[in-house]
Amino acid sequence: MPSPAELIGIDGNPLRDPRDKRLPRVAGPSVLVLFGVTGDLSRKKLLPAIYDLANRGLLPPGFSLVGFARRDWENQDFRQVAYEAVKQHARTPFREEVWNHLSEGMHFVPGEFNDPGAFDALAMAVKELDETRGTGGNYAFYLSIPPKFFDVVVEQLQRSGLAERTNDSWRRVVIEKPFGHDLKSAQELNNVVHRVFPEESIFRIDHYLGKETVQNILALRFANTMYEPIWNRSYVDHVQITMAEDIGIGGRAGYYDGIGAARDVIQNHLLQLLALTAMEEPVDFSAESVRAEKAKILSSVRVPSDLSLASARGQYAAGWQGGVKVQGYLDEDGISPDSTTETYAAIKLEIDNRRWAGVPWYLRTGKRLSRRATEVAMIFQRAPHLPFEATATEELGQNALVFRVQPDEGITVRFGSKVPGPSMEVRDVNMDFAYGESFTESSPEAYERLILDVLIGDPPLFPRQEEVELSWKILDPIEEYWATIGQPDQYKSGGYGPKSSDRMMKRDGRAWRRI
Ligand SMILES: NC(=O)C1=CN([C@@H]2O[C@H](COP(=O)(O)OP(=O)(O)OC[C@H]3O[C@@H](n4cnc5c(N)ncnc54)[C@H](OP(=O)(O)O)[C@@H]3O)[C@@H](O)[C@H]2O)C=CC1
Ligand SMILES: O=C1O[C@H](COP(=O)(O)O)[C@@H](O)[C@H](O)[C@H]1O
């Protein structure tokens, strides 16, 4: 028999045996306070994800959502905006009864982050929910706000007493990315957050870790035997990690300008993808073990000394996207005409350990590229000898194993195959695994998974501070170098990125995969 302490495992519910994996993971009584509820992320992702969780029966009956932003809104206005967001962006079908139940627990507190009075009002609102909806004093504070306010809001939570937990309740804080602007500011922010919340209550979010296909990197590597023997410098020629977007910055000029592509997604999403692909097998799937292996890899990453050869950056110019003429970055609303912020970044990294020594890892990301595609591609070395006539293998590329993170989720293996016919001609073919063909369950959105993990208190999919700092240590010298070269190279919207990025690959005798 498990001990009583073991039984209070999942969701703090003593009636559930944590060993019974067949039971769905369901959140316990709680309030989610969403700061920045009127913002882009909340509207497109967070509110729909909360609805999807409710629709899947993963939220408790008294679950309450409190929105906080500067609008002069009543609860009804908030519910209406949330309704539209859900209708437009939710993954699961709209069900009136689910929505009605969820929206009864939705409240809005208007306020400015610098106003202590607004946080006092918030404290009163959540206490009232404890009384009226049985939320048990369990609060998760989600900071979906401009990063410059992370510390301000955390300090307000302390001052207002909202961060203070009692013995039988919990308080958690979710901090969006980027966590800091560089190593120093990330450490300063961490000090502020740590003065208020203990480490186990801090959830630094990187939504890529909530994606099914990203978690599948670990499943493919560690649940199978056939890949491990070739997962190293003896077989892998190089690795390409691509996050291409077809969208521009939209209405996010205030956030994006001065941050740029590398801070926006390389420091977090792309380096996390690198860590998951390169790391050693963790002892188990606990937060501690997974995070420790990722940190080990990130601390082995080496930035090449000559960044003029090993990096490229670009800024989108006007062009055509999906048949529509679009303007360049410098003409976007809210962008200064002489901004040097990059909307495309590519870097080459190396990993100094026995498994990966000498294997280059190329990372690239960009906005307004020809299409949306995120993938991790392991490109294997060429066969040491081909016993065919040279003409038979003219079209043969290198073997590749590609994790298609999005939008067409799956895994592709590319290899050479004989072309049917009388001669021995060998050509590349693809063998595909597609989620839709193999599973009946559809993939939850990343934020569904991560919000549920926060409410349950399950941290493995959240990077810890060490990973955040190690990632900044990788990026800081690159940003410093880029600061000395001024204007990024222009590239046409709807294209493949700046020529300098292709030249970076060409110098190494390689080419980017077509997106
Ligand atoms: N948008 C995206 O695709 C992604 C965003 N993120 C991260 O999520 C966070 C939010 O991004 P996003 O939604 O795009 O940002 P937005 O600029 O769209 O939203 C910011 C929110 O913060 C509120 N806000 C701003 N200043 C104040 C203030 N002084 N007092 C009170 N409320 C304020 C705004 O409310 P109002 O103006 O109504 O008062 C708004 O609700 C950022 O950290 C970003 O890096 C992460 C991944 C993707
Ligand atoms: O974190 C961010 O991610 C989005 C892209 O997210 P995805 O899940 O659609 O790949 C990106 O547009 C945004 O600039 C960035 O902040």
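Heads up, the Cβ atoms here are built off N, Cα and C, so glycines get one too.
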From candidates K87, K348, K367, TrEMBL puts in the same substrate site as H207, K211, E245, D264 the residue K367
Among R56, R70, R221, R233, TrEMBL assigns to the NADP(+) site of E112, F113, K177 just R70
Sorting the binding-site residues R70, E112, F113, K211, K367 by sequence and keeping only those with a Cβ under 6 Å from ligand 2 gives none
Same-chain residues at least 6 positions away from K367 (substrate binding site) with a Cβ under 8 Å from its Cβ, in sequence order, are E245, I247, G248, I249, A261, Y316, T343, Y344
Row R70 (NADP(+) binding site), column other C-beta within 10 angstroms, all chains, value 13
Helix, strand and coil residue totals from DSSP for the region 'Disordered' (492-515) stand at 9 helix, 3 strand, 12 coil
Among the binding-site residues listed as R70, E112, F113, K177, within 10 angstroms of D264 (substrate binding site) by C-alpha we get K177
Candidates R70, E112, F113, H207, K211 (binding-site residues) passing the 10 Å Cα cutoff around H269 (active site, proton acceptor) are H207
Among recorded positions F113, H269, K367, close to ligand 1 by Cβ (under 6 Å) are F113
